[in-house]
Every structure is written in structure tokens, then in C-alpha cells.
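According to Swiss-Prot:
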BINDING   110, 114, 305  Fe cation binding site
BINDING   133, 134, 135, 136, 137, 168, 181, 185, 277  substrate binding site
């Protein structure tokens, strides 16, 4: 069975083809440069870019896989969450393709795709694991069982900014480029992560154990920089970037390891765009090794949004015998995560 996956939840247009847990081919187009001058993603710009890119990207993915559309057995698509107009472009394209081919359509949850993509690199997921999903729009700790069949348990989420969003905003304060994650990562290489003690929110005993908050550290950086400039001093960009990055990585990895311990699982899955950050990865490796946990992190190119991850979760659903979604499937920009299928657990 060959599953074609379509991703369009934000600013990447992705198509991937997966069969039996093996990535056959994928392609990606990004409208990131078009958003750079705005300092963030503009939904209508993203949607227009998806419209222009979806067909060429699909042909490129098929070409890499050495396949034709006639070889596709099922279509999976991100039906939420995400930017409304962006999600709708991918969903409409996937519906049209499924209808034209007479193949089943599976509307999947974007975050389940991030978890499923690791299967393409490291094989089947452990029977139970904790997933730390960290991106521009999401920061969540999830307890996973059988990803295709079981309910996904939310252990905690951010109560304000996602980690990736905080990276973008701090990068803007420091005059670095967009997107902020890679810019801060590069700047931090020459900095001292202990130079400035930025706050670690929700770290007290009485705070939610697995809740996150990055609005405070973002504001703390802005105020520190403003005070330095008002005093006529030069802003040590590398030190600020490294200290901010350390604060975020510390909270993310500490809470993720604690979740594994408390729930009796021995594997941590680190996924999402921020999983590409070198300090987050390094600290996760260090803390998982100390705790005797297996750490699974997809290749960097599969950490950010892509079509392969949607094909991967679609492949799991097809092999598990999940019911198809049907062509009346609607987009849900704020879809709650209860299962890999947007409609929730089915078994």
C-alpha cells in the first residue's frame, strides 16, 4: 500500500509517499522568504503560495519515488490544526486527488504527523513513549501508545507562546533574521549560556508539572536589551541568544524527562521544528542518558513541517485498518488532539 501525504498547515507545502513504514520520496516548497519582511507568517501569503506550489511539489515527490499517481492507494492530509486558509488549500487538493483516483482519504492531526515521522528513520515507535512536540505553533508533552489506534494523552501544553514563536520574537529583538530558531542557534554558538540568568517559567513545585510558558522569558529578553541600550551599552547578541536558548532548552528537556519518569516509560520522542535546535538536542541527549532513557529524534530535515510525516501517519492508519474520513471532511484550524485521525481514536 502506497500512501500519499499532503501538508499545508503553515508556510511549507509538502508531499510525501510512504509504504510500510518506508519513505519512497518527498518534496517540499517553503514560502518562508515571502514572510521574512513581515517578521512572521502571513496566512493569505501562505495560502497563495500553497496554491502555486502544490501541483509542482506533488510531481516532484512522485518523480523522486519513481511513481505515478495511479500507484497511489490512499491519500492522507493535514486537516488541522493550522492556519485556516493554508489548511484548506492542502485539504482541497487532497480531496480532489482522492476523488479523481477513487482512493480513500484520511484527515489526520498535524501533531500526530510529527510523532509518526520518526518511524521513517528509526522504525516502529515503542509500545509507550512520551513525545515532546516543539514548533512555532505548538509546545506539547504527549503520552503515546499505539499511535494509529490509541487515544493520545495530553500531559501539558504552553499556556501562551509556543517555543518556536518565542525564538522568532527574540530574534526580532536582537535584530537577527527570520525564522528565529536557526538565527538564534547560529548566534548562540559564540555566546555564553550562563551570561544572563533568564527566567524559567512554571518551574515551581506548585506550578503545572508539564505546563510551559515562554511569554515571560521573551519579555525578559526584550527588557534586558532595552535596559542595556538605554544605558548606552552594546548588546552582546551572542550571549543573549545563548542565555535565552539555554533557558528554553532547560525547561523543555527537564519537564520531558520528568514526564517519562512519572509515567513509567523509557523512551522520549523529540519532534517538531525546534527539535532541530542544537542545544535542545544536546541537552535532551545528556538528560536522557543520565536518566537511562532512549531518545529518538528524526533527522533535521524531517523535524520541520513536511509531507513525509503526513504520509507516515496515514500509512500507520491504513495498516491498522482505520476508517477513511470521507470527502465531506472539513478543515479544523484549532483541532484538539485526541488521536491520529482528526476525528479521534477509532478502535
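Just so it is clear, glycine is given a Cβ too, placed from its N, Cα and C backbone atoms.
Within 10 Å of the C-beta atom of residue 133 (substrate binding site) sit 26 other C-beta atoms, taking all shown protein chains into account.
In the three-state DSSP classification, residue 114 (Fe cation binding site) falls within a helix. With residue 114 (Fe cation binding site) as the anchor, the candidate binding-site residues are 133, 135, 137, 181, 277, and the one with the nearest CA is 133. Within its own chain, residue 137 (substrate binding site) has 10, 81, 82, 162, 164, 165 as residues 6 or more apart in sequence whose C-beta sits under 8 angstroms from its own. In this structure, residue 133 (substrate binding site) is part of a beta strand by DSSP. The most crowded of the binding-site residues listed here (110, 114) is 114, judged by how many other CB atoms sit within 10 Å of its own CB.
In the structure as shown, the Cβ atom of residue 277 (substrate binding site) sits within 10 Å of 27 other Cβ atoms. Distance from the CA of residue 305 (Fe cation binding site) to the CA of residue 181 (substrate binding site) is 14 Å. Under the three-state DSSP scheme, residue 181 (substrate binding site) falls in the helix class. In space, 135 is the closest of the binding-site residues 133, 135, 277 to residue 305 (Fe cation binding site), judged by Cα positions. There are 27 other Cβ atoms within 10 Å of the Cβ belonging to residue 305 (Fe cation binding site). Cβ-based neighbour count (10 Å, all protein chains) for residue 135 (substrate binding site) stands at 26.
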